[in-house]
Amino acid sequence: MCIAKNEEALRLQPRFAECYGNMANAWKEKGDIDRAIRYYLVSIELRPNFADAWSNLASAYMRKGRLNEASQCCRQALALNPLLVDAHSNLGNLMKAQGLVQEAYSCYLEALRIQPSFAIAWSNLAGLFMESGDLNRALQYYKEAVKLKPKFPDAYLNLGNVYKALGMPQEAIMCYQRAVQTRPNYAMAFGNLASTCYERGQVELAILHYKQAIACDQRFLEAYNNLGNALKDVGRVDEALQCYNQCLSIQPNHPQALTNLGNIYMEWNMSAAAASCYKATLAVTTGLSAPFNNLAVIYKQQGNYSDAISCYNEVLRIEPMAADGLVNRGNTYKEIGRVSEAIQDYIHAINIRPTMAEAHANLASAYKDSGHVEAAIKSYRQALLLRPDFPEATCNLLHTLQCVCCWEDRDKMFDEVEGIIRRQISMSVLPSVQPFHAIAYPIDPVLALEISHKYAAHCSIIASRFALSPFKHPAPLPVKHERGSGRLRIGYVSSDFGNHPLSHLMGSVFGMHNRENVEVFCYALSPNDGTEWRQRTQFEAEHFIDVSAMSSDMIAKLINEDKIQILINLNGYTKGARNEIFAMQPAPIQVSYMGFPGTTGATYIDYLVTDEFVSPTRFSHIYSEKLVHLPHCYFVNDYKQKNLDVLDPTCQHKRLDYGLPEDKFIFACFNQLYKMDPEIFNTWCNILKRVPNSALWLLRFPAAGEMRLRAYAVAQGVNPDQIIFTDVAMKQEHIRRSALADLFLDTPLCNAHTTGTDILWAGLPMVTMPLEKMATRVAGSLCLATGLGDEMIVSSMKEYEERAVSLALNKPKLQSLTNRLKAFRMTCPLFDTKRWVRNLERAYFKMWNIHCSGQQPHHFKVAENDFDCPYDR
């Protein structure tokens, strides 16, 4: 209407400058700034001293971002009329935009000197103080602005922002509401109102206000992005996805929307799509830490630790004081064995944020890995002081205390940990107790199976992140079929091809396989450690492939391309395992063996290679796998090939070499200290008190447990000199010196495994008591495979004590047992590796024949007269 009236006036008076000024004002109000500028210029041309037109032209130029021209116009207006408060205020805004804060301040003050009731100047002055961080002065001046001009939506918006920054969200909400009351289409005010509601947990209200903001401005990018976040929080993920995509349809390189879209893909286990989003964000800006952090998570999940660390370095470049970033990088360092660097990162994080419980707990874990057990205990306790409800810290503290035989409140802690495990399982949360720790805990075997189930399911989730299509396996054919290859293709996967007990025990196995019938592939998950153990396996295995630098999906693809028919997991839940490879099911038959003495709980593992004593069929309910019972003993060793020198009487050590008393009867236990518990140690103390002139030889395994066990023994009435500790020795020396003891005392909760074969090969008898779980029965199986098991296996703690005392006091009886054990070493099944390998091959062919016949995997027993192997026909 105003425009029409002015057009009519101009027809009557074409050179009326004020009329052109009014037309310009009208077009500016309608948002047509370019047309407004043209009218202002005509107005000024007609009347060069028209101060108001110069001032309004300055305002229009500011709207277009033409700041230099705006500044010239303001100065011209003020030259013509120094009392123009709008011009002073606009000039102040222009000074502020150039970073000339003091000059801007002077402009606003001059406007207020001329007109103390000029609300806009009060608002602009408040903005200066808000940006400088003086929120109280800003609050005072914004309040003055809205008092002078009650219908001032911009001032209400900014006053709300100040209240929000001061931690007064309710006052902020009231201001935003006043802003939208005075300007109902004020998108920014609706957006800020929504954000404040969101931060207060009023997510549904936030969703309503974000939608109102978008209704006011359908190109409001931040509103789309933030609405997506709110929808995602209430589980409306598909709608959130639409919001992010709508934002990206307007601005394809919007970094926050790209990052949030990536986060949804991450939650959907679509790692490749998520990584693409994060990389797209980083192509736009390298100033955001979130995409670097999330990309690092993906790289880490894929085993690409180098790129993960590079991304965390970028996070810390952007936010040097980011404690979370330091902890995440520390976790990555720890996973690849760079423990000292992990410790540095954790300590740095704690210095930044002393109350960060996770940093203390992770520091504790790193201390434990580096042998600083007492420091680990202290850090775990600090973590729990900061966060009492911290299941991981509680469970790991218990395990660390077990490692050094700190048994105060042990029963109470085990009850607490078992309660944690049961709650986590009921909530479908990954248990805080790892399967490898559970095998040594006095918990229900069915609960241990549940723990393994959860970890197996977690491995399946990791596998799904690689988004591989299911592997195809050729139609099964009997190995000697006319279209068959003639040999069974066996794959062994392990991180322990090197100086590790597994290689010490299995070193000859890979080369002993019959190459006429079996083609062996060894896939090494760890790099070459340069030891003789690694070199030997590389040389003797028919195919040895170092896959340590490959991602898990690439390893699975390689295994499938190699047409492996039976794939053996030699790690289980031990350090360095990559069980997600097995979850991808690259082979038609998958087997667990050796590395982990328990059930994997995995639906993708078909068989567990074990024996009838270690895993009786009556206990099959505590295993997820079908049990394959090898003859004699499932546990293989390589001593006949690698440690024959132990049998040479001229190579024997003397007790004097290790400070061991010559005149005492020496009981020994060389197991790690975490396998001990108060009940067995009390029994040992009873034995020492009943056997005159006796001693117990233990290892500093770790050294931090020595003081506690000595004190515990003395408290039980044992003389201090009856407890002897020595350091851990190298393998060859350890086996030789074991023979210096008289009798080995096993730990029932978790038996001697490798140590059991060590001492039996040294000719040292033992006493062992099997329970129900696999790890409690291994030593009994070893003893049975010597042919002398009945003399070394007991069925109760009372019988354990009596057997140990009886053997110690009846020297002829013990000497007879020792002599027979030494005599049987070269002939008994336990140390006959070639015989064991033939039996293992029988098991493999039986598995394959079951598969070829179309049957599902089932329990079976291998007999040495089986004719399933081709070479037996």
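Placement of Cβ uses the backbone N, Cα and C atoms for every residue, glycine included.
What TrEMBL records for 17-50 (among others) is repeat 'TPR'.
Sequence-distant contacts of the repeat 'TPR' (51-84), counting only residues of its own chain at least 6 positions beyond either end whose CB sits under 8 Å from a CB of the stretch, comprise 17, 20-21, 24-25, 28, 33-34, 36-37, 40-41, 43-44, 90-91, 93-94, 97-98, 114. TrEMBL lists 51-84 (among others) with the feature repeat 'TPR'.
Applying DSSP to the repeat 'TPR' (85-118) sorts its residues as follows: 27 helix, 0 strand, 7 coil. Under the heading repeat 'TPR', TrEMBL lists 85-118 (among others).
If you look up TrEMBL, you'll see 119-152 (among others) marked as repeat 'TPR'. Across the range of the repeat 'TPR' (119-152), the DSSP-based residue counts are 28 helix, 0 strand, 6 coil.
Tertiary neighbourhood of the repeat 'TPR' (153-186): same-chain residues 119, 122-123, 126-127, 130, 135, 138-139, 142-143, 145-146, 192-193, 196-197, 199-200, 212, 216, selected by CB-CB distance under 8 Å and a gap of 6+ residues from either end. Summarising the annotation, TrEMBL assigns repeat 'TPR' to 153-186 (among others).
Remote same-chain residues near the repeat 'TPR' (221-254) are listed as 187, 190-191, 194-195, 198, 203-204, 206-207, 210-211, 213-214, 260-261, 264, 267, 280, 283-284 (criterion: CB distance under 8 Å, separation of at least six residues from the stretch ends). If you look up TrEMBL, you'll see 221-254 (among others) marked as repeat 'TPR'.
Summarised by DSSP class, the composition of the repeat 'TPR' (289-322) is 27 helix, 0 strand, 7 coil. Taken from TrEMBL, the feature repeat 'TPR' covers 289-322 (among others).
Marked as repeat 'TPR' by TrEMBL: 323-356 (among others). Among residues of the same chain six or more beyond the repeat 'TPR' (323-356), those with a C-beta under 8 A of the stretch's C-beta atoms are 289, 293, 296-297, 300, 305, 308-309, 312-313, 315-316, 362-363, 365-367, 369-370, 386.
Regional average pLDDT for the repeat 'TPR' (357-390) in the model is 97. Residues or ranges marked as repeat 'TPR' in TrEMBL: 357-390 (among others).
Sequence annotations record features per position, and here TrEMBL assigns domain 'O-GlcNAc transferase C-terminal' to 404-641 (among others).
Annotation comment: TrEMBL describes 654-840 (among others) as domain 'O-GlcNAc transferase C-terminal'.
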Study note, to complete from the structure: With the cut-off at Cβ under 8 Å and a gap of six or more residues from its ends, the chain residues touching the repeat 'TPR' (119-152) are 85-86, 88-89, 92-93, 96, 101, 104-105, 108-109, 111-112, 158-159, 161-163, 165-166, 178, 182
**Study point:** Distant-in-sequence neighbours of the repeat 'TPR' (357-390), which means Cβ under 8 A and at least six residues beyond its ends
**Key:** 323, 326-327, 330-331, 334, 339-340, 342-343, 346-347, 349-350, 396-397, 400-401, 403-404, 406, 702, 704
